[in-house]
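This report refers to the structure that appears directly beneath it.
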Amino acid sequence: CSDPCYPMPRAPFRAFRPSRPAHWGAITLGSVLLLLILGSHSLGSPGRLLALTMAHPIVLRNSNGTEVDILPLGAIIQRLRVADRDGQVADVVLGFDSETPYRDGTSPYMGAVVGRVANRIAKGQFELDGVTYKLNINNGPNSLHGGKVGFDKRDFTVKGNEQGKSVLLEYVSPDGEENYPGTVTVSVLYELTDANELRVTMKASADKPTPINLAQHTYWNLGGHESGTILDHQLTIQGDHYTPVDETQIPTGEIVPVAGTPFDFTTAQPVGQRIAKTEGGYDHNYVLFGLGPAAKDRVKDGAAFSVPQPAITLVDPASGRALEVCTTAPGVQVYSGNFLDGTLKGKAGVSYVKHAGLALETQGFPDAVNQPAFPSVVLRPGHEYVHALVYRFYTV
């Protein structure tokens, strides 16, 4: 991330053609038999049929043996396998083996791109250009991560791939979806490099003014998704301010220093060292890059910078795996998996206990549509929203 990551030259994308494994014929025959047995009425809508026939992830690989599985559903990072200091490979993201938990709401946004607006909007409403919009409520009194059926549960179209190195996904959100104004075209580009960087570029354009705030909601556990909690992970955040919240997790509108609080990760600290001094764990937005209270004047179309800047470092001392996150966004929501309680069964039947993963959601600020002191998240016609980030993996 220390070198500029965007823009970078890319070969033109080719039309997507899924690979055909040796057992393709058996899969196809099995799918046909399943359809004959179930019958058209039990399958429901064409969208349900698509879910049955497009269940296989798109796999990206590099020369280091790192692999990333991407689902078109929700542009989800389903698996990410990377080596530790001894060369042992583990899957370091929480998630599920099948699409069903992602689609039916069982998954707490694991691995997904969330939107139209990541994080919370107070009371599910906002005013834009003199018109009040009332959104679907899905998190106490508020709207969270785009509403009841946000982008995390939408089927993206695969627009291009490049030899297992990258994939481009697109979704068109119609005017009025979840009661948001305007038709929005969203693209998500994943690129895996031989430098062990997973580059993510999220873009959006709209035909009417509308709020846009996209975030990648992967839960990280660098010891492996099955390894327990992330409380011993060392976390560093290039953010010396944060946005305090009320009892419903809505920002108070203040931007205050982290110094002297349990939220200070300006130097490396174990995630669990002061977590007991918070109210149930971390679920807070950090103001990155020293922007502080001046953030409003430094952000344009969702970006504080034109190329991703180093923002966060996460290290697992036990395995030696380390992650650096670079972003163009002005904030990051740090969520320590506070509502996981062991009842959620993930990949290979693993029980995800409290604090089993850490979400590092680079983003615009929560409830920005109702907070005049925060950078705007409104996208207008003729402008392009761009949120670029880089996940760089290394060992210590």
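A Cβ is built for glycine as well, from the same backbone N, Cα and C atoms used for every other residue.
The active site, proton donor annotation in TrEMBL covers H217. According to DSSP, H217 (active site, proton donor) sits in a coil region rather than a helix or strand. For H217 (active site, proton donor), the same-chain residues 6+ apart in sequence whose C-beta sits under 8 angstroms from its C-beta are Y109, M110, G111, A112, V113, V114, A118, H145, D152, A359, E361.
For the recorded site, E361 (active site, proton acceptor), the DSSP three-state label reads strand. Per TrEMBL, the feature active site, proton acceptor maps to E361.
Sequence-distant contacts (6 or more apart, same chain, Cβ under 8 Å) of N119 (beta-D-galactose binding site) comprise L144, H145, N213, A215, N285, Q333, E361, Q363, F365, P366, D367. When secondary structure is read from DSSP and collapsed to three states, N119 (beta-D-galactose binding site) falls in the coil class. Sequence annotations record features per position, and here TrEMBL assigns beta-D-galactose binding site to N119, R120, H217, T218, Y219, D283.
Each of the recorded positions D283, E361 was scored by the other Cβ atoms within 10 Å of its Cβ; the lowest score goes to D283. DSSP classifies D283 (beta-D-galactose binding site) as strand under the three-state reduction.
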